[in-house]
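Only one structure is covered here, and it is reproduced in the block below.
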Amino acid sequence: MTARLIDGKAVAADLRRAIAARVATLGYRPGLRVVRVGEDPASGVYVRNKDKAAQEAGFDSATLHLPEATTEAELLAVVARLNADPAVDGILVQLPLPRHIRAEAVISAVAPEKDVDGFHPLNAGRLASGEPGLVPCTPKGVMHLLRAAGCSLPGARALVVGRSTIVGRPMAQLLLAADCTVTIAHSRTRDLAAECRRAEILVAAVGRPEMVRGDWVAEGATVIDVGINRLESGRLVGDVEFEAACRRAEAITPVPGGVGPMTIACLLENTLDAAIARRGA
Ligand code: NDP
(Lines of atoms letter the chains of each structure in order from A and count residues from 1; the text may use other names and numbers.)
(Lines give C-alpha, C1' and ligand atoms only; values in the text may rest on other atoms or scores of the structure.)
Protein backbone atom coordinates (compact mmCIF):
# COMPACT_ATOMS: atom_id res chain seq x y z
CA MET A 1 0.00 0.00 0.00
CA THR A 2 1.19 3.52 -0.74
CA ALA A 3 -0.38 6.33 1.21
CA ARG A 4 -2.47 9.02 -0.39
CA LEU A 5 -0.69 12.39 -0.24
CA ILE A 6 -2.54 15.19 1.54
CA ASP A 7 -1.72 18.19 -0.63
CA GLY A 8 -1.34 21.15 1.72
CA LYS A 9 -0.45 23.52 -1.11
CA ALA A 10 -3.74 22.82 -2.89
CA VAL A 11 -5.86 22.98 0.29
CA ALA A 12 -4.14 26.22 1.32
CA ALA A 13 -4.65 27.74 -2.15
CA ASP A 14 -8.39 26.88 -2.00
CA LEU A 15 -8.67 28.44 1.45
CA ARG A 16 -6.82 31.58 0.36
CA ARG A 17 -9.10 31.93 -2.66
CA ALA A 18 -12.19 31.59 -0.48
CA ILE A 19 -10.81 34.20 1.95
CA ALA A 20 -10.02 36.63 -0.90
CA ALA A 21 -13.56 36.19 -2.26
CA ARG A 22 -15.00 36.92 1.20
CA VAL A 23 -12.76 39.97 1.69
CA ALA A 24 -14.00 41.33 -1.65
CA THR A 25 -17.57 41.36 -0.27
CA LEU A 26 -16.63 43.48 2.77
CA GLY A 27 -16.85 47.25 2.59
CA TYR A 28 -13.34 47.53 4.12
CA ARG A 29 -9.94 45.85 4.00
CA PRO A 30 -9.11 43.78 7.08
CA GLY A 31 -5.94 45.19 8.62
CA LEU A 32 -3.00 42.98 9.58
CA ARG A 33 0.20 44.26 11.20
CA VAL A 34 3.20 41.97 11.58
CA VAL A 35 5.81 43.20 14.04
CA ARG A 36 9.36 41.95 13.59
CA VAL A 37 12.17 42.82 15.98
CA GLY A 38 15.81 42.30 15.00
CA GLU A 39 17.37 40.26 12.26
CA ASP A 40 16.52 36.57 12.84
CA PRO A 41 17.02 35.35 9.23
CA ALA A 42 14.23 32.73 9.15
CA SER A 43 11.78 35.32 10.50
CA GLY A 44 12.57 37.60 7.56
CA VAL A 45 11.35 34.96 5.10
CA TYR A 46 8.22 34.13 7.15
CA VAL A 47 7.27 37.78 7.56
CA ARG A 48 7.67 38.54 3.85
CA ASN A 49 5.53 35.52 2.94
CA LYS A 50 2.80 36.54 5.39
CA ASP A 51 2.72 40.09 4.08
CA LYS A 52 2.60 38.94 0.46
CA ALA A 53 -0.18 36.41 1.06
CA ALA A 54 -2.22 38.99 3.00
CA GLN A 55 -1.90 41.58 0.25
CA GLU A 56 -2.84 39.02 -2.42
CA ALA A 57 -6.01 38.25 -0.47
CA GLY A 58 -6.96 41.95 -0.39
CA PHE A 59 -5.94 42.73 3.18
CA ASP A 60 -4.42 46.02 4.31
CA SER A 61 -1.16 44.45 5.50
CA ALA A 62 2.13 45.95 6.63
CA THR A 63 5.23 44.86 8.50
CA LEU A 64 6.76 47.00 11.23
CA HIS A 65 10.44 46.11 11.40
CA LEU A 66 12.01 47.35 14.63
CA PRO A 67 15.74 47.33 15.40
CA GLU A 68 17.37 44.57 17.49
CA ALA A 69 18.03 47.13 20.28
CA THR A 70 14.30 47.86 20.76
CA THR A 71 13.49 47.60 24.47
CA GLU A 72 10.58 45.62 25.87
CA ALA A 73 8.89 48.89 26.91
CA GLU A 74 9.24 50.26 23.38
CA LEU A 75 7.79 47.10 21.87
CA LEU A 76 4.91 47.16 24.37
CA ALA A 77 4.21 50.76 23.34
CA VAL A 78 4.04 49.69 19.66
CA VAL A 79 1.62 46.88 20.58
CA ALA A 80 -0.52 49.32 22.61
CA ARG A 81 -0.70 51.69 19.62
CA LEU A 82 -1.80 48.84 17.32
CA ASN A 83 -4.35 47.65 19.92
CA ALA A 84 -5.89 51.14 19.86
CA ASP A 85 -5.81 51.55 16.06
CA PRO A 86 -9.32 50.93 14.64
CA ALA A 87 -7.88 50.07 11.19
CA VAL A 88 -5.91 47.15 12.67
CA ASP A 89 -7.83 43.87 13.07
CA GLY A 90 -4.92 41.47 13.57
CA ILE A 91 -1.54 41.84 15.28
CA LEU A 92 1.20 39.26 14.96
CA VAL A 93 4.48 39.63 16.81
CA GLN A 94 6.95 37.38 15.01
CA LEU A 95 8.82 34.99 17.31
CA PRO A 96 11.56 34.51 18.35
CA LEU A 97 12.11 37.90 19.95
CA PRO A 98 15.58 39.11 21.02
CA ARG A 99 16.58 37.64 24.40
CA HIS A 100 16.21 40.89 26.34
CA ILE A 101 12.45 40.94 25.60
CA ARG A 102 10.09 38.62 27.48
CA ALA A 103 7.93 36.96 24.80
CA GLU A 104 5.16 36.14 27.36
CA ALA A 105 4.86 39.82 28.34
CA VAL A 106 4.47 40.86 24.71
CA ILE A 107 2.04 38.03 23.83
CA SER A 108 -0.13 38.95 26.83
CA ALA A 109 -0.13 42.62 25.80
CA VAL A 110 -1.81 41.99 22.43
CA ALA A 111 -5.55 42.69 22.63
CA PRO A 112 -7.14 39.18 22.68
CA GLU A 113 -9.60 40.14 19.92
CA LYS A 114 -6.64 41.08 17.66
CA ASP A 115 -4.46 38.11 18.66
CA VAL A 116 -4.43 36.37 15.26
CA ASP A 117 -1.63 34.03 16.38
CA GLY A 118 -3.98 32.71 19.09
CA PHE A 119 -1.15 32.67 21.66
CA HIS A 120 -2.70 35.03 24.24
CA PRO A 121 -3.46 33.15 27.48
CA LEU A 122 -7.12 34.22 27.22
CA ASN A 123 -7.45 32.59 23.79
CA ALA A 124 -5.55 29.50 24.98
CA GLY A 125 -7.96 29.30 27.92
CA ARG A 126 -10.98 29.72 25.67
CA LEU A 127 -9.74 26.88 23.47
CA ALA A 128 -9.17 24.67 26.50
CA SER A 129 -12.69 25.51 27.78
CA GLY A 130 -14.29 24.80 24.42
CA GLU A 131 -15.29 28.44 23.96
CA PRO A 132 -14.94 30.33 20.67
CA GLY A 133 -11.78 32.40 20.24
CA LEU A 134 -8.78 32.85 17.99
CA VAL A 135 -6.92 29.55 17.53
CA PRO A 136 -3.19 29.08 16.73
CA CYS A 137 -2.66 28.91 12.97
CA THR A 138 -0.64 25.70 12.57
CA PRO A 139 -2.98 23.36 14.48
CA LYS A 140 -5.96 25.07 12.87
CA GLY A 141 -4.38 24.30 9.50
CA VAL A 142 -3.98 20.66 10.49
CA MET A 143 -7.72 20.44 11.21
CA HIS A 144 -8.43 21.81 7.72
CA LEU A 145 -6.13 19.16 6.24
CA LEU A 146 -7.76 16.31 8.19
CA ARG A 147 -11.19 17.41 7.01
CA ALA A 148 -10.02 17.93 3.40
CA ALA A 149 -8.55 14.42 3.49
CA GLY A 150 -11.96 13.05 4.49
CA CYS A 151 -10.65 11.76 7.81
CA SER A 152 -13.41 10.61 10.17
CA LEU A 153 -12.74 12.34 13.48
CA PRO A 154 -15.43 11.46 16.08
CA GLY A 155 -14.18 8.66 18.28
CA ALA A 156 -10.87 8.30 16.40
CA ARG A 157 -7.77 7.55 18.48
CA ALA A 158 -5.52 10.58 17.88
CA LEU A 159 -1.94 10.94 19.11
CA VAL A 160 -0.19 14.30 19.20
CA VAL A 161 3.58 14.03 19.66
CA GLY A 162 4.74 17.34 21.17
CA ARG A 163 3.17 19.61 23.79
CA SER A 164 4.33 23.11 22.89
CA THR A 165 1.92 25.99 23.40
CA ILE A 166 2.29 26.85 19.71
CA VAL A 167 1.48 23.46 18.20
CA GLY A 168 1.08 20.38 20.41
CA ARG A 169 -1.29 21.61 23.14
CA PRO A 170 -3.71 23.56 20.92
CA MET A 171 -3.60 20.66 18.44
CA ALA A 172 -4.74 18.27 21.15
CA GLN A 173 -7.53 20.67 22.19
CA LEU A 174 -8.81 20.98 18.62
CA LEU A 175 -8.84 17.20 18.14
CA LEU A 176 -10.68 16.85 21.44
CA ALA A 177 -13.20 19.48 20.34
CA ALA A 178 -13.71 17.36 17.20
CA ASP A 179 -14.54 14.37 19.46
CA CYS A 180 -11.32 12.42 18.95
CA THR A 181 -9.93 10.34 21.80
CA VAL A 182 -6.68 12.23 22.31
CA THR A 183 -3.30 11.25 23.72
CA ILE A 184 -0.43 13.72 24.05
CA ALA A 185 3.11 12.34 23.94
CA HIS A 186 6.30 14.26 24.80
CA SER A 187 9.94 13.75 25.67
CA ARG A 188 9.05 11.86 28.89
CA THR A 189 6.63 9.44 27.22
CA ARG A 190 7.77 5.93 28.15
CA ASP A 191 7.09 3.96 24.96
CA LEU A 192 6.49 6.33 22.08
CA ALA A 193 6.54 3.55 19.46
CA ALA A 194 3.67 1.74 21.24
CA GLU A 195 1.66 4.97 21.53
CA CYS A 196 2.16 5.65 17.81
CA ARG A 197 1.12 2.12 16.82
CA ARG A 198 -2.26 2.64 18.53
CA ALA A 199 -3.00 5.92 16.73
CA GLU A 200 -5.51 6.19 13.91
CA ILE A 201 -4.51 9.85 13.54
CA LEU A 202 -0.87 10.66 14.24
CA VAL A 203 0.27 14.29 14.42
CA ALA A 204 4.03 14.74 14.85
CA ALA A 205 5.20 18.17 16.11
CA VAL A 206 8.58 17.49 17.66
CA GLY A 207 11.30 19.15 15.59
CA ARG A 208 13.53 16.06 15.22
CA PRO A 209 14.23 14.77 11.71
CA GLU A 210 12.38 11.51 10.94
CA MET A 211 12.15 10.60 14.62
CA VAL A 212 8.82 8.83 14.15
CA ARG A 213 9.87 5.63 12.40
CA GLY A 214 7.80 4.25 9.55
CA ASP A 215 7.15 0.96 11.34
CA TRP A 216 5.61 2.86 14.30
CA VAL A 217 2.77 3.97 12.01
CA ALA A 218 -0.40 1.87 12.28
CA GLU A 219 -1.73 0.29 9.07
CA GLY A 220 -4.31 2.66 7.60
CA ALA A 221 -3.46 5.62 9.83
CA THR A 222 -3.65 9.27 8.79
CA VAL A 223 -0.28 10.93 9.43
CA ILE A 224 0.21 14.69 9.74
CA ASP A 225 3.82 15.79 9.89
CA VAL A 226 4.18 19.30 11.33
CA GLY A 227 7.97 19.12 11.67
CA ILE A 228 10.23 21.18 9.44
CA ASN A 229 13.87 20.16 9.81
CA ARG A 230 16.73 21.21 7.58
CA LEU A 231 19.44 18.56 7.24
CA GLU A 232 23.11 19.48 6.74
CA SER A 233 22.65 18.58 3.08
CA GLY A 234 20.10 21.40 2.88
CA ARG A 235 17.20 18.97 2.36
CA LEU A 236 14.00 19.62 4.33
CA VAL A 237 12.51 16.65 6.16
CA GLY A 238 9.67 16.24 8.62
CA ASP A 239 9.48 14.48 11.97
CA VAL A 240 8.23 11.28 10.32
CA GLU A 241 10.29 8.79 8.31
CA PHE A 242 8.28 9.59 5.21
CA GLU A 243 8.93 6.80 2.72
CA ALA A 244 8.59 3.99 5.25
CA ALA A 245 5.48 5.63 6.72
CA CYS A 246 3.92 5.80 3.24
CA ARG A 247 3.94 2.00 3.08
CA ARG A 248 1.65 1.78 6.14
CA ALA A 249 -0.39 5.00 6.33
CA GLU A 250 -3.62 5.51 4.42
CA ALA A 251 -2.93 9.24 4.02
CA ILE A 252 0.08 11.41 4.87
CA THR A 253 1.28 15.02 4.51
CA PRO A 254 4.57 15.61 2.69
CA VAL A 255 7.29 17.98 3.96
CA PRO A 256 7.46 20.50 2.40
CA GLY A 257 4.02 21.07 0.91
CA GLY A 258 1.90 19.68 3.74
CA VAL A 259 1.22 21.63 6.93
CA GLY A 260 3.56 24.55 6.09
CA PRO A 261 1.36 26.30 3.50
CA MET A 262 -1.68 25.99 5.78
CA THR A 263 -0.19 28.13 8.54
CA ILE A 264 -0.26 31.36 6.52
CA ALA A 265 -3.70 30.58 5.06
CA CYS A 266 -5.02 30.19 8.62
CA LEU A 267 -3.40 33.46 9.66
CA LEU A 268 -5.46 35.13 6.95
CA GLU A 269 -8.55 33.24 8.12
CA ASN A 270 -7.98 34.40 11.70
CA THR A 271 -7.50 38.00 10.55
CA LEU A 272 -10.71 37.86 8.52
CA ASP A 273 -12.59 36.37 11.51
CA ALA A 274 -11.16 39.02 13.84
CA ALA A 275 -12.17 41.78 11.42
CA ILE A 276 -15.72 40.47 11.03
CA ALA A 277 -16.07 40.08 14.82
CA ARG A 278 -15.00 43.73 15.34
CA ARG A 279 -16.47 45.46 12.31
CA GLY A 280 -19.18 43.16 11.00
CA ALA A 281 -19.60 41.27 7.74
P1 NDP B 1 9.06 22.75 20.55
O2 NDP B 1 10.51 22.51 20.55
O3 NDP B 1 8.48 23.92 21.26
O4 NDP B 1 8.31 21.44 21.12
C5 NDP B 1 8.74 20.17 20.76
C6 NDP B 1 7.95 19.13 21.53
O7 NDP B 1 8.45 17.85 21.16
C8 NDP B 1 8.08 19.26 23.05
O9 NDP B 1 6.82 19.13 23.65
C10 NDP B 1 8.98 18.09 23.42
O11 NDP B 1 8.69 17.48 24.65
C12 NDP B 1 8.67 17.09 22.32
N13 NDP B 1 9.79 16.16 22.13
C14 NDP B 1 11.10 16.47 22.00
N15 NDP B 1 11.83 15.35 21.89
C16 NDP B 1 10.96 14.32 21.96
C17 NDP B 1 11.11 12.92 21.93
N18 NDP B 1 12.32 12.33 21.80
N19 NDP B 1 10.01 12.16 22.03
C20 NDP B 1 8.78 12.73 22.17
N21 NDP B 1 8.58 14.05 22.20
C22 NDP B 1 9.66 14.84 22.10
O23 NDP B 1 8.63 22.76 19.00
P24 NDP B 1 7.31 23.36 18.27
O25 NDP B 1 6.10 22.73 18.82
O26 NDP B 1 7.40 24.83 18.20
O27 NDP B 1 7.58 22.83 16.78
C28 NDP B 1 7.64 21.45 16.49
C29 NDP B 1 8.03 21.26 15.03
O30 NDP B 1 7.03 21.85 14.21
C31 NDP B 1 9.35 21.93 14.62
O32 NDP B 1 9.97 21.12 13.63
C33 NDP B 1 8.92 23.23 13.98
O34 NDP B 1 9.84 23.67 13.00
C35 NDP B 1 7.64 22.78 13.32
N36 NDP B 1 6.67 23.88 13.10
C37 NDP B 1 6.10 23.95 11.88
C38 NDP B 1 5.18 24.92 11.60
C39 NDP B 1 4.55 24.93 10.26
O40 NDP B 1 4.07 25.95 9.83
N41 NDP B 1 4.48 23.79 9.57
C42 NDP B 1 4.82 25.97 12.58
C43 NDP B 1 5.39 25.73 13.89
C44 NDP B 1 6.31 24.74 14.11
P45 NDP B 1 8.89 18.23 26.09
O46 NDP B 1 7.74 19.18 26.21
O47 NDP B 1 8.83 17.12 27.06
O48 NDP B 1 10.22 18.93 26.00
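Just so you know, glycine gets a Cβ as well, placed from its N, Cα and C.
TrEMBL entries are annotated by machine, without manual review.
For reference, TrEMBL has these:
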- G162, R163, S164, I228: NADP(+) binding site (BINDING)
- 6-117: domain 'Tetrahydrofolate dehydrogenase/cyclohydrolase catalytic' (DOMAIN)
- 136-276: domain 'Tetrahydrofolate dehydrogenase/cyclohydrolase NAD(P)-binding' (DOMAIN)
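All features noted in TrEMBL, drawn onto the structure.
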residue: G162; record: NADP(+) binding site; Cβ contacts under 8 Å, 6 or more apart: G168, M171, A185, H186, V203, A204, A205, V206, G207, V226
residue: R163; record: NADP(+) binding site; Cβ contacts under 8 Å, 6 or more apart: R169, A172, I184, H186
residue: S164; record: NADP(+) binding site; Cβ contacts under 8 Å, 6 or more apart: A205
residue: I228; record: NADP(+) binding site; Cβ contacts under 8 Å, 6 or more apart: L236, G238, V255, P256, G260
* What's the longest C-alpha separation between any two of G162, R163, S164, I228, the listed NADP(+)-binding residues, in angstrom? -> 16
* **Secondary structure composition of the domain 'Tetrahydrofolate dehydrogenase/cyclohydrolase NAD(P)-binding' (136-276) [DSSP: H/G/I, E/B, coil]** => 54 helix, 26 strand, 61 coil
